[in-house]
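K.L.:
I'd like to ask some things about the structure below.
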Amino acid sequence: MPTITIDSNSSIDIEQHFRVSAGPGAGKTHWLINHIKNVLHESKRLQKTRKIACITYTNIGAETIKARLGIASIQVEVDTIHSFLYEHVLKPYLSFIDTAHGLCIERVRGHDDEIIRNYGFLDKWKIKTKQTRIPPKDNLELIYALQKAQWKLNTNGELVISASQQKVGTHYLKTSSYYDYKTMAWAKGVLHHDDVLFFSYDLVIKHPFILDVLRAKFPYFFIDEFQDTNPIQTKILKLIGNKESIIGVIGDKSQSIYGFQGANYDTFDSFDLNGIVNYQILTNRRSTNQIIDLLNTIRKDINQSKFKNQSGPVPVILVGSMKSALTRAQAICSNELIHSLTYRNIVANTIKKQANETTVDKELLDKLMEIDRPSSSNKYRSSSITALIKATELAIEGRFKDSIRILEKAFKAKPDLEATGNNIIHIIHLLNRYEEFKNKTLYEYYLFIKNEIGINMSNLREGGIARDFYDGHTYKDLALCVNIPDDNGLFRTIHKSKGAEFDNVLLILDTESNLTFITNPDLTKEQHRVRYVAVSRAKNRLFITVPTLSEENSLILSKMGLDIETLT
Ligand SMILES: Nc1ncnc2c1ncn2[C@@H]1O[C@H](COP(=O)(O)OP(=O)(O)OP(=O)(O)O)[C@@H](O)[C@H]1O
């Protein structure tokens, strides 16, 4: 079937599976909202109890769609895939889960994005898996290795853990030990996000009636940002779409940027269902002509047309430090807001907090746990400090629920910690007195927590390596490592800008070599796609900053019509 070109206002047949493919700013989300409204209006298959399922990639995406649907959202279940599967597959059918997996269903309380990292748990795991040779000094590396393991579908349609031969220190992890790690966590009722996919898939394969229930509840499933869907989710959606329910996917393969979560470049194009109809939108409604020209230079498979046909400033390459680039870009934008986008979280935080670019270390929070390791005389010091730093930073960003959750989790099983019942009061205290400790050493922050907040922690012996760490780092150094989930502020990572648009964008590149996404573009490479997504967020002004620029690159970029400004 040929691909049909549509516009973001077009209506399509509501009773056929569809794929809508379009570049950035084409109006995919706009079209999806209109389509949902059309289905609600026209469908004969929706009654009060039957809803449309609309799956988005992020919580922010879900909130945006709900807000834009307004009152119509009552008949639409808008959710991320993990939350959707947890609510509609896992939670109602927990008792159907194969007991062979050893999941303690009575203790399951949602799912988490962090694996269990406590050292006591790791020790038990080392004994169980006969890997006691891994010394405690390599625990951090071990946690990173375990965290990388993901569920993957093999060619027989079975779920296996994918983790390439991981080396921790001098030791190669046994493949079977990943499974042991999972089963030990499951025995405590602890589920990682990725496990939601594992159990959902296992349930629908072993109990296909669950698919019938899903089809009965949701005659329509629409998935936005489908290019980042993981193959296990794709398989579940295909199973649902085999009869009755209509599946519609919307996306752009050149905006696939979540390879590290199992998505791949071909997911979008290779998705197939009997009778699926392909549509494309070839306009860009977001950006000025100058920005669309740049996007078209980077991208070879489509050439977006300029819907607004609006001329704007030429994109500018700012050569210099990121701080000076931000100052310059802000001056040019004068009273308008500018969003800075970075690849790494630590860089986003560095610019947000105007910290010194050269001293940042993204692993400091983990290193604190490593150096100030829990012992019989110091059970909770580093875990309490870590939780309090995270909670403080989340609260500063206005994320009170997340902030309270962190403290609840940190303090719940620690009866010998004093004054832990008042997490909200702690947070108010920390916010009110933020100015007093934000530029102090970590040791001074520790004293503040102990003396002013009243959390009972053991003393830090002078001259010890833990004390040196607390004296040698500032609160701010550690605060830079905090990840704010679904951050919607002015300084964020490119991944957190997915689906958003901003008047003015400053893309911060760590090194000049990252400019290849413009000078020698290849969107089969994820690194290039990530930066392509970043520049395509801009509606009006676009700045790209690099620390240095060679004559060769300068010539290429000038030929492309970009402005270049060297900052002093
Ligand atoms: N038919 C339309 N009428 C008016 N405005 C529209 C229409 N279609 C899209 N827009 C506007 O164009 C901009 C881009 O639309 P949208 O965010 O839906 O694009 P997208 O394809 O989802 O983008 P991306 O994939 O880059 O996130 C938005 O400001 C949106 O409101």
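Even glycines carry a Cβ here, placed using N, Cα and C.
I grabbed these lines from TrEMBL:
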- ALA22, GLY23, PRO24, GLY25, ALA26, GLY27, LYS28, THR29: ATP binding site (BINDING)
- 1-288: domain 'UvrD-like helicase ATP-binding' (DOMAIN)
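Buried or exposed, and what's around them? Tell me for each listed feature.
P.N.:
Under DSSP, LYS28 (ATP binding site) is assigned to a helix (H, G or I) in the three-state scheme.
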K.L.:
Could you give the mean pLDDT over the domain 'UvrD-like helicase ATP-binding' (1-288), rounded to a whole number?
P.N.:
92
K.L.:
Validating a neighbour-count step here. Other CB atoms within 10 A of the CB of GLY23 (ATP binding site): how many?
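P.N.:
Result for GLY23 (ATP binding site): 26 neighbouring Cβ atoms inside 10 Å.
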K.L.:
So which other residues, same chain and not among ALA22, GLY23, PRO24, GLY25, ALA26, GLY27, LYS28, THR29, have a Cβ within 8 Å of the centroid of the Cβ atoms at the ATP site?
P.N.:
SER8, ASP252, ILE281, ASN284, ARG285, ARG286
